[in-house]
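Features reported for this protein in TrEMBL:
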- 14-44: domain 'Beta-galactosidase beta-sandwich' (DOMAIN)
- 1-21: signal peptide (SIGNAL)
Amino acid sequence: MCYTTITYSLIVLTIVFHGQQYSLPAWSVSILSDCKQEVYSTAKKAEDIRDTAAEGKGFISAKGLREQKSVTSDASDYLWYMTRSIA
């Protein structure tokens, strides 16, 4: 299994990986099951994520890490953590 990622970009990049060409949308992560076939891309799931966040159910704030099953109500395998250091 291989992962590709692109950050800090405003454009779609085309790369060659193991002799195969891939288009990587900005700010995305893709999973290649056999390092060839894309089986998941966050760019293709962004609409679902945006809809949830727009409904006010997509963001929580906590002091410390939260347990994934309780945060997602066991309805998703996907949970994104962001952290910030205040100096």
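Don't overthink the numbers, they just go from 1 along the chain as shown.
Cβ atoms are placed via backbone N, Cα and C, with glycine included.
Just so you know, TrEMBL annotations never went through curation; they're auto-generated.
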Can you give me the average pLDDT across the domain 'Beta-galactosidase beta-sandwich' (14-44), rounded to a whole number? 86
For the domain 'Beta-galactosidase beta-sandwich' (14-44), DSSP counts of helix, strand and coil? 3 helix, 18 strand, 10 coil
